[in-house]
Amino acid sequence: MKFAYKFSNLLGAFYRHGNLCFSKDGNSAISPVGNRISVFDLKNNKSETLPASTTKNISCLGISPDGNLAILIDEDGAAILVSLVTRAVLHHHHFHSPVHSVSFSPDGRKFVITKENVALMYHAPGRNREFNAFALDKSYYGPFDETTCIDWTDDSKCFAVGSKDMTTWIFGAERWANLIYYSLGGHKDIIVGCFFENDSLDMYTVSQEGTLCVWESDTELEGLRKGPKYSERKKMEEEKKKREEGESNEDDDVEDIVGEDGETRGDVIKGSADTPKQVEGIKNVRYSQRSKHYFNKAGDFNKLTAAAFHKKTHILVTGFASGAFHLHELPEFDLIHSLSISDQRISTIAMNPTGDWIGFGCSGIVVDQVCSSEHNSMLGVTNVAFTSSGFVVVSASLDGTVRAFDLHRYRNFRTMTSPRPAQFSSLAVDSSGELVCAGSQDSFEIFLWSMQTGRLLEVLSGHEGPVSNLCFSPVQSVLASVSWDKTVRLWDMLDSWQTKETLRLTSDGLAVTYRPDGQELAVASLDGEITFWTPQTGGQTGSIAGRHDLQMGRKETEKITAKQSAKGKSFTSLCYSADGESILAGGQSKFVCIYNIKEHVLMKKFEISCNLSLDAMEEFLDRRKMTEFGSLSLVDEGTGDGDGVELSLPGVKRGDMSSRRFIPEIRVSSLCFSPTGRSWAAASTEGLLIYSLDASLVFDPYDLDMDVTPASIRQQMKKKEWASAILLSFRLNEMPLIREVLEAVPYDQITVVCSSLPDVYVDKLLNFVASTLEKSNHLQFYLSWAQCLLTLHGQKLKNRSAAYFSFKFKYNFCFLPSCDWNIYNIRYAAALSKQRGMKRTAAESLSDEEEEEEEEVEMDSGGDEENIYNE
């Protein structure tokens, strides 16, 4: 059996930090989740996580205006260029220091990143093949402290950069004679946002102390004038120097960076507190402060932490450390709404291009799921379980309650409690869905309730340590419980809930699970072993020593090596495969192991994360961070940005001095196989990861060469080589191109093309037809493709039943109801048309009779006139 499970998706991952972005159409939000990004489809209520990942947590991201490219930059400044169409990594680059923000120009030709106190402008990657996708164009200096934000004018002529030195700098993206740089002040704290007005050089700047400054420019965007090049300006200055003696030789504001080979590498724009020198005949751009507004009332202080501005609607959205946000209309500063998300700090704000959606990033908010709308939010939910019907989910919490939720109406319809307060750490529901049991970690007891009535049926006692896990047999009314007292107890639910069997372990028990047929029991213990037992006889059938397979790294605080630390690690979650031949094991490690039970050997290890921002990911510590006082990574610098300790002046009582930053440790808390065995899921500190055999790759480079391009595919279409064009399009695997090729095939050539396809591409084509049928208007055309494929390759598809049953399921449950509805609509339209036709016929017959009568009258009158004429 081959285990070719591939990472498919990541759900439930939480936002840590970084900016939010929206897609070009405004219907999708793109958010960093750890070292990956997730795309949330706001229109169809779907989400997708891209497989591309950075080395550490993503700190900022930028999306190109056409929505095809994304630049992801992690905490260390390592960047990757990702195609949002193919989901592939196109380029790697390192900026060698942390990057604060990145932004594409509106025309998509340039992008700017800010790091330290400098802004770097690069040429955006284009369609031309280049060795280095990130080509530096200019470097802009001016701020004296770290930069914080970027904004562009609508025509991409200028951009603005905010800084922690309480100033905002405006730079020209090109060599403008009247605007090289300009510095704006007026604030007493860090600049949070700077925004250009729509089609104008007018600006709004927002600072952390809650101040908004409105700036007005005396020049329109059309008033910017091209300046002379450096060589021309140098000649002009030399001539002027000769004419005017005694004039000081000042350094130029623009210098070329010339490499050893003599080629220009880029420009350096050096800003200073002095006004840039004015070119003769051209007036420099000037700014004046039009107005100044304050968000906080007198005596109140609420730190402004994020801001976003929508230029077309003139709406300014500001977020605060208290979790509140305001909506103002500019430039009048009229308050529209003042709302609150929570009591946590708002880290970032984004608005979609149409202004319909506002996205907020709050790293301190715990995501509320269906089970935590009812449980005590201060005490976590420890376990969840579905009933056999799939319409009820049961949750256990440390708040001492077990709650049942109806998934039809999304409400809590049962709340089960114990006679005395207890903290429930484990949960199980029997196969009938009638019995619910939960294990306590403080009283060492198991509580049993009835799902129908919610009444407590029995309290099972016998364990001498915390109950770590529970599991019902899938074929019998037997409950298996494992505890820290080194025992596994089997409880008979039909015989007065008595202990049927007690299994002795060599170490503390952590997890227990039944094989799908109920004939075997697997137990994970603290010593890193997985033991297998026969429930009927209570005999041990085998064991697997998995301690060395965990391979945990070394923590920053540990004094021992990773090899010695691994001896104390163990598996905390087990799950059998659907056929019962393999078992998944995960725990205090970044690996999930799959073992063959019969041979007791490791078959494959899955690395669930490579995020170095998590603790214990590397085997050895970085010696560059080691000092005589310890590791530098343990030093809490207290940046005061809401993520660490607020270092305030003496006598200032502000900020939480008890808050400390900590590095989370990677671990897997739960594993579960799908009923079909085609996929499995892992709940971890990185979210819910799904691995599947059926995960279709968006971009498959198999058998791909330089000749497989959209141009070559369209060339084959012009030659009417339909089969070759289809094969090339599937090798490139771009869905719009595949659809274009298929819809270009003549109807009478479908059978010929289907008969010449290789078996590998039959499955792909059938899956594509099945997915396209759901949303295409060419229903008969694609049904003809499906009919030909099933007729010519039906037997082979039946042997490889995955694609066949996938199409059959979509046909039965998606297409047939649509066809029935369409038939009904056609019949209704035909009947309505027939009824209208009858009315039209009757009306026409009446009009014909009237016309005949009129003609008869005219003939009679004409005869009379003729008689009179004859007379």
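Glycine too: its Cβ is placed from the backbone N, Cα and C atoms.
Feature annotations, courtesy of TrEMBL:
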- 226-246: compositional bias 'Basic and acidic residues' (COMPBIAS)
- 226-273: region 'Disordered' (REGION)
- 247-261: compositional bias 'Acidic residues' (COMPBIAS)
- 381-415: repeat 'WD' (REPEAT)
- 460-493: repeat 'WD' (REPEAT)
- 733-801: domain 'Small-subunit processome Utp12' (DOMAIN)
- 841-871: region 'Disordered' (REGION)
- 846-871: compositional bias 'Acidic residues' (COMPBIAS)
In the same chain, who gets a Cβ under 8 Å from the repeat 'WD' (460-493) while lying at least 6 residues past its ends?
425-431, 435, 437-442, 444-448, 499-514, 516-518, 521, 523, 525, 533, 535, 538
Please work out the mean pLDDT for the residues of the repeat 'WD' (460-493).
92
What does the DSSP secondary structure composition of the repeat 'WD' (460-493) look like, as residue counts for helix, strand and coil?
0 helix, 19 strand, 15 coil
With DSSP as the reference, give the number of residues of the repeat 'WD' (381-415) in helix, strand and coil.
0 helix, 23 strand, 12 coil
